[in-house]
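Colleague: Pasting in a structure now, in structure tokens, and then I'll have a few things to ask.
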């Protein structure tokens, strides 16, 4: 989860989020090197007393500033495309959960089980217990097994929403009349928080998401207790 004054991303708990963090560092390094080079050139231009007014043609320079940016763009595009394909790839999910956005709560349905569905509302500030997080706690958490591939089907009953859990690298739009899908897999158990990330009305800020990732045996006991 996020902390006050945090400047970086949340800790990654999924392979996709780890790849996104690596890509962020990779891209940031390239941007830093380019910015340093530009600043160095500007400094030289402002401090040097040498002038050259007879330059009419510089074929070598034009070649360099054409080829070098192309190489840099390729170095950015290749890992980006790799991650995009990884995020879209869905192979034999072990569990499917359907998520519907409403104004202003989420509803969940475990499609592999009969009659296993519930609504998830934010817990009001007046009902919070010691240790609970304001504006992030819900009355019904989404319990999922860790170390397995889970497919999320996401849509909306009314207006545009967006189902986002940053620590898992997830952000998928919930669009009325359209069913979007994404996958998640957590490498460790715990509670992971998210929120609606598409402005959807006056109570947009009060649509938290809480995923509780547990071992498979614990998940099976939880489902058995509800059926």
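Cβ coordinates are placed from backbone N, Cα and C, and glycine is handled just like the others.
Feature table excerpt (Swiss-Prot):
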type     : residues           : note
TOPO_DOM : 1-14               : topological domain 'Mitochondrial intermembrane'
TRANSMEM : 15-45              : transmembrane segment
TOPO_DOM : 46-59              : topological domain 'Mitochondrial matrix'
TRANSMEM : 60-87              : transmembrane segment
TOPO_DOM : 88-227             : topological domain 'Mitochondrial intermembrane'
BINDING  : 161, 196, 200, 207 : Cu cation A1 binding site
BINDING  : 196, 198, 200, 204 : Cu cation A2 binding site
BINDING  : 198                : Mg(2+) binding site
Colleague: Which residue among the binding-site residues 196, 200, 207 has the fewest other Cβ atoms within 10 Å of its Cβ, if you could check?
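Modeller: Lowest Cβ count within 10 Å among the binding-site residues (196, 200, 207) is 200.
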Colleague: Other than its close neighbours in sequence, what residues sit by the topological domain 'Mitochondrial intermembrane' (1-14), given a CB gap under 8 Å and a spacing of at least six beyond its ends?
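Modeller: Result: 20-21, 24, 133, 136, 166-169, 184-188, 190-193, 213.
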Colleague: Say we define neighbours as other CB atoms within 10 Å of the CB. Which of the binding-site residues 161, 204 has the fewest?
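Modeller: The binding-site residues 161, 204 were compared, and 204 has the fewest Cβ atoms within 10 Å.
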Colleague: Near the transmembrane segment (15-45), which same-chain residues lie under 8 Å Cβ to Cβ, leaving out any that are not at least 6 residues past its ends?
Modeller: 9, 72, 75-76, 79-80, 82-83, 86-87, 166-170, 184-185, 187
Colleague: Which residues does residue 198 (Cu cation A2 binding site) neighbour through Cβ under 8 Å, counting only same-chain ones at least six apart?
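Modeller: Those within reach of residue 198 (Cu cation A2 binding site), by Cβ under 8 Å and sequence separation of 6 or more, are 160, 161, 162, 173, 174, 204.
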Colleague: Please work out the helix, strand and coil residue numbers for the topological domain 'Mitochondrial intermembrane' (88-227) from the DSSP assignment.
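Modeller: Across the topological domain 'Mitochondrial intermembrane' (88-227), the residues distribute as 21 helix, 61 strand, 58 coil.
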Colleague: Suppose you look only at the topological domain 'Mitochondrial matrix' (46-59); what would the mean pLDDT be?
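Modeller: Mean per-residue confidence for the topological domain 'Mitochondrial matrix' (46-59): 75 out of 100.
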Colleague: What are the DSSP helix, strand and coil residue counts for the topological domain 'Mitochondrial intermembrane' (1-14)?
Modeller: 0 helix, 0 strand, 14 coil
Colleague: Within 8 Å of the centroid of the Cβ atoms of 161, 196, 200, 207, which other residues of that chain place their own Cβ, given that this set defines the recorded Cu cation A1 site?
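Modeller: Near the Cu cation A1 site, beyond 161, 196, 200, 207, sit 101, 103, 104, 106, 162, 174, 195, 197, 198, 201, 204.
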Colleague: Excluding 196, 198, 200, 204 themselves, which residues in that chain have a Cβ inside 8 Å of the centre of the Cβ atoms defining the Cu cation A2 site?
Modeller: 101, 104, 159, 160, 161, 162, 197, 199, 201, 207
